[in-house]
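Trainee: Below are the features I grabbed from TrEMBL:
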TRANSMEM  C:12-30  transmembrane segment
TRANSMEM  C:37-56  transmembrane segment
TRANSMEM  C:68-94  transmembrane segment
TRANSMEM  C:101-124  transmembrane segment
TRANSMEM  C:144-166  transmembrane segment
TRANSMEM  C:203-223  transmembrane segment
TRANSMEM  C:282-300  transmembrane segment
C-alpha cells in the first residue's frame, strides 16, 4: 500500500478553472518523492490540495489507504500527514522554543518529542531563545521542518524548501531530510531546484499543466533528455540547472 | 483628585472588559468590529429581561439585595443567561454575515459590522424602547476609603468595588486561559499566523467560534456592570464603542493585556479630563487619545508589530 | 395645474435632497470606490461644511461667533477648506496604517464634531443650532417653489461640475495610481511614502466635496442643527454608495436617488401604519431593515446595482477557497 496516493485529482481556487487537472501519483513508504515541473504547473496547488488547504473538485487523496480527500487541513496532522508551507512557515514573533512548544501544545505532543527534535537539530537547540523572525533563511527552514516533525508524522510534505537559500544551505537542509527519511518518514518534496531535489529523491514526477507527465527513478529522470525538453521548454538542454 | 482616579478606574474596568473582546476579535478575525459595542448593550438588556422573568417566576416585586451590593442573586443568574444569549447573537452574526465575507477584503467586514451594529442597536431600541432604566433602584451608601481632607478624599460604593474586583479576576482568568490551555494556545497561534496554525493542527473555525463566545461573554459582563454602575440605555454600546477602540489601539490592537491597560488609561483620562474640558466633552477624550497614540506610537503601548 | 403644484413642489424638494446627497456620495466614492478608504465619519465632515458655510454667511447672532454676512459662494468655498483641513488631521494620523484605523478615527471625529455641535454654544448655537442661514433665490423669486426650483438648478449644476471634475480626476494618471494602490497592496507598498501621500490627497479631496455638500444642505434648509448630522446620515450615505455600486460615479448618483426614495417612502409608510405612540419604535425598525438590507447587499451583490465598469482595473474578486 502506498504511504500517500493521489488519483485523478482535480483541484484549484475556482471549480471551472482547476489548476490541478486529473493528476495521479503514489509514494511508497519510506520513499522521497520529488514533485517537479515548470513554473505554474500546479505543483504547489497539488501539495496544498493534498494538505486540505485548496479545494478538491474531483479525484481522491489516500493516506495509507484511507481516503482524506477534502478533509479539513487541521485534521491532517492527527492522521499523520505534516506540511511545511513555502512562506511564513514559522511563527516569526516567537522564539525557537516557543515555536516548538506551541506546535507541541496544539497537538498535545509529549514533551520528550521536542527534546528529541533538539537532538536532531543541534543548531536550533543552541539558540532556543532567539526570535524565529531573526533566524537566517536556512535556520528558519530547519525550524519550519522541526515544527512539522513535532506531530511525529508518517508523511512529511514540503513546499519548495530550497527557495531563497544558497546552494550550501540547500545542501544542509536536504541532508537533514535524508536523516528524517532514515527514521522512517515518507517525504514528498515540491521543488524548483531539480538537480538538488533529484539528488536526494528516490523517484520524481514531473507535473505539466496540472497533470503528471513523466514519472520515474530519480537517476533516470536526471539523464532523460525528454525531461529537459519538458522542463525548460523548447530551448532547454540542461535539466539539472533548474532554479 | 483621588475621587476622580477611583471613578476613572471603575469606568476603565468596564472599558477594559469590552476592549479585550474587541481586540481578540481583531487578533483572530483581523477586522475592527463596529458591532462589538452592541454586544455589550444586548448583554445588558438580555440580563434585564431575564431578571424580569426570574422575578416574575419568584413572584417578587424586586430583588432582595445581597448586602452590601445593590442587587440580588437574580441578577447574577440573569447575567449568566445573558452571556449565553449574547454569545448566541455573536455566533449567529458570524454565521450569517461575517463568515460569508471572510475571504474578501478585510474592509468589507468592517462595513458589514457597521451595518450589523446599526441593525442591532435599533432592534434593541425597537424591543426595549428608548427610555433609560436600571436593574435596581436600591440606593447604595458609598464607603469612605480616604478621608475628605486628603486630596479631596475618596468614596466608593460596594458595586463599584465589585466592578474593579471582577475586572481584575477576569483578566487573571483570561491570562491563565491563554497561557495554560490548549485552546488558548491555539488562539495565540491563530492570531500570529492563521495559515500556519491550520497546518499545525489548529481548528481555526473552532478558534473563531471560541473568540466570539469569549468576546460576547466579556461584553455581557461589561454591559451588565455598566448598567449596574451607571444606567441602561439603548445607546450604551454605541457610547462605549469609541472608548473601546481607544483602549484597544492604545494597548496595541490585538494585544489582550494592552487592551486592559488601555481601558484603565482611557477611563482615567476621561475622568481626569472632566474638570478641564467639562463633562459634556468627556466622550471626545477617547478620540484625542486615538489621534495622539497614532501620531506618537501607532503600534500601541504594548504592541510589537507595526 | 393647481393639483400639480404640490406634486411639483414636493418633487423639487425631493430632488434637491437627492442632488445634495449625490454630491456627498461622489466625495465618498472617490475615497472608497476609487481609493479603498473606509470613512465612517461622513456625517462629521458634512457637518463641518454646513456649519462653516452657515457661520461665514449668516447675520450676527448674539454672543456667538459670526456676523460675517459673506456671500454664499464664499461660504461654500470655506466649507470645502475646513472639511479638507479636518480630513488632513485625521488622514495624517490614520492613513499610514491599516484600513481599520481610518474607520476608527473617522468614527471618532464624527462623534467629536457631534459633541462640539451640541455643546459649543459660542460657535454652533448648541442645541438650538444656527438659524437664518441665507437661502439664495428667496428674494429673486416670490414663491417658495420658484426659489426651490432655482436652488435645484444650482444644485444640479454643482453636481454636474463635481461629477465631471471627479470623472476627469479618476481617469487621469492620478486616478490610475489610486486604483493601483487600492487593488494591489504590493504596488502600494512599493510606492511607500508616496502611496500615503496619494491616499491623503484622495481623502482630503473627498472630504472637501462632502463639506460642499454640507454647505448646499445648509443653504437649502436655512438652519443647521446637530441632530441633522447623526451617525444615521453616514449610514444612509454609505447605503447610497453600496447600492449604487462603489467605483462608479453614475452608480453613486443613482444610489442617492434610489436610497433616498426608498427611505422617504418607507418612512412615510411606517408613519402612516404605526400609531402615534409607537413612532419612535417604527423609526427604529426602519433602520433595522435598512441595516439588514446593507448587509444582504454585501453578501449577495457586493458590486452594487451598477458597480465598477469592467476593464477599469476592477478585476473580479476571487471567490472563496
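Keep in mind that glycine also has a Cβ here, set from the backbone N, Cα and C atoms.
Just tell me what is around each of these and how deep it sits.
Mentor: For the transmembrane segment (C:12-30), same-chain residues at least 6 beyond its ends with a Cβ under 8 Å from one of its own Cβ atoms are 39, 42, 46, 145, 148-149, 151-152, 155-156, 158-159, 162-163, 166, 169-170, 202, 205-210, 212-214, 216-217, 220, 236-238, 240-241, 244, 246-249, 251-253, 255-257, 260-261, 264.
Sequence-distant contacts of the transmembrane segment (C:37-56) (same chain, at least 6 residues past either end, Cβ-Cβ under 8 Å): 24, 28, 31, 65-66, 68, 70, 72, 74-76, 78-83, 86-87, 90, 95, 99, 102-114, 117, 123-124, 130, 133, 199, 202-203, 206-207, 210-215, 217-219, 223-224, 226, 228-234, 237-238.
Long-range contacts of the transmembrane segment (C:101-124) within the same chain: residues 37-45, 47-48, 51, 55, 63-65, 86, 89-91, 93-95, 130, 203, 224-226, 229-231, 234, each at least 6 residues beyond the stretch ends and with a Cβ under 8 Å from a Cβ of the stretch.
Nonlocal intrachain contacts for the transmembrane segment (C:203-223), taken as residues 6+ away from its ends with a CB within less than 8 angstroms of a stretch CB, comprise 16, 19-21, 23-24, 26-28, 30-31, 35, 37, 39, 42, 45-54, 57, 72, 75-76, 79-84, 86-88, 90-91, 95, 102, 129-136, 151, 155, 158, 162, 166, 169.
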Trainee: Where else in the chain does the transmembrane segment (C:68-94) make close Cβ contacts, counting only residues six or more beyond its ends and a cut-off under 8 Å?
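Mentor: Tertiary neighbours of the transmembrane segment (C:68-94) are 41, 44-46, 48-50, 52-60, 101-102, 104-106, 109, 113, 134, 136, 199-200, 203-212, 214-216, 219.
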